[in-house]
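Now, the feature entries from TrEMBL:
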- ASP8: active site, nucleophile (ACT_SITE)
- ASP8, ASP10, ASP130: Mg(2+) binding site (BINDING)
- ASP10: active site, proton donor (ACT_SITE)
- THR54: site 'Stabilizes the phosphoryl group' (SITE)
- CYS93, HIS95, CYS101, CYS103: Zn(2+) binding site (BINDING)
- ARG104: site 'Contributes to substrate recognition' (SITE)
- LYS105: site 'Stabilizes the phosphoryl group' (SITE)
Amino acid sequence: MKKAIFLDRDGVLNEVLSDRVKFVNMPEQLFLLEGAAEAVADLTKAGYEIFVVTNQGGVGLGFLKERELKRIHERLQVLVAEKGGHIKEVAYCPHKPKAGCECRKPNAGMLLDLAERYNLDLANSIMVGDHERDIEAGKKAGCKTVFIGSDPTKADIRAPSLFEAVGDILELLK
Ligand SMILES: [Mg+2]
Ligand SMILES: [Zn+2]
């Protein structure tokens with residue numbers, strides 16, 4: 001079984017609600033946070049399977065088409081690959097926030113589905129997110145958790161950015 005690192009997208013890998021972008025509805029609006037691609041590269045080189053798990057309720061709400069979302073994710077994977085990182089798959093929940101689906105975080109559906117398809121060792125995997133619902137989803141899946149940000153949280157680790165969390169993540173997965 002393989003160990004995985006599940007990364008939330010918005011606020012962990014790329015900017016949202018910043019000076020230049022509100023939400024990412026097209027590839028041109030995808031700006032990686034400083035050091036994010038390098039962090040994914042470090043985690044890739046350490047031998048972990050990297051996945052992105054992201055709530056994209058904007059699809060269900062009609063703000064962007066699934067086709068466009070896939071283009072955004074292709075760009076994300078390319079930008080990370082340019083720094084030597086590898087994102088195995090970008091899983092997303094396209095449903096409306098109140099649809100009650102199993103995939104939208106804080107539910108663990110996306111993580112459980114990936115675990116089944118890729119034979120992942122969830123107890124020795126990590127969920128990284130910048131929102132309490134990411135941490136909840138990680139816990140429901142039985143993973144360790146890393147919170148990006150300064151809010152109080154019950155995550156195993158807290159760090160200001162993914163870049164600054166890399167050392168702790170590697171320590172946590174030893
Ligand atoms: Mg987020
Ligand atoms: Zn869903």
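A Cβ is built for glycine as well, from the same backbone N, Cα and C atoms used for every other residue.
No curator has checked TrEMBL annotations; they are predicted automatically.
For CYS103 (Zn(2+) binding site), the same-chain residues 6+ apart in sequence whose C-beta sits under 8 angstroms from its C-beta are ALA91, CYS93, HIS95, GLY109, MET110, ASP113. Put simply, CYS101 (Zn(2+) binding site) is 18 Å from the residue listed as 'active site, nucleophile' when counted between their Cα atoms. Highlighted here would be the recorded positions (THR54, CYS93, CYS101, ARG104, LYS105) whose C-beta falls below 6 Å from ligand 1, but none qualifies. In terms of Cα spacing, the recorded positions ASP10, THR54, ASP130 that come within 10 Å of LYS105 (site 'Stabilizes the phosphoryl group') are THR54.
Of all the recorded positions in the record (ASP10, THR54, ASP130), the one with the smallest CA separation from ARG104 (site 'Contributes to substrate recognition') is THR54. Note on proximity: of the binding-site residues ASP10, CYS101, ASP130, the one nearest THR54 (site 'Stabilizes the phosphoryl group') is ASP10, by Cα distance. ARG104 (site 'Contributes to substrate recognition') counts 23 other C-beta atoms within 10 Å of its own C-beta, drawing on all protein chains shown. Proximity of the recorded positions (ASP8, ASP10, THR54, CYS103, LYS105, ASP130) to ligand 2: a Cβ under 6 Å from the molecule is found for CYS103. For the binding-site residues CYS93, CYS101, the greatest number of Cβ atoms within 10 Å around a candidate Cβ is found at CYS93. For the pair formed by CYS101 (Zn(2+) binding site) and ASP130 (Mg(2+) binding site), distance between Cα atoms is given as 21 Å, rounded to the nearest Å. Spatially close to ASP130 (Mg(2+) binding site) yet at least six residues away along the chain are ASP8, ASP10, GLY11, VAL12, PHE147, ILE148, GLY149, judged by Cβ distances under 8 angstroms. For the recorded positions listed here (ASP8, ASP10), the lowest count of other CB atoms within 10 A around the CB belongs to ASP10.
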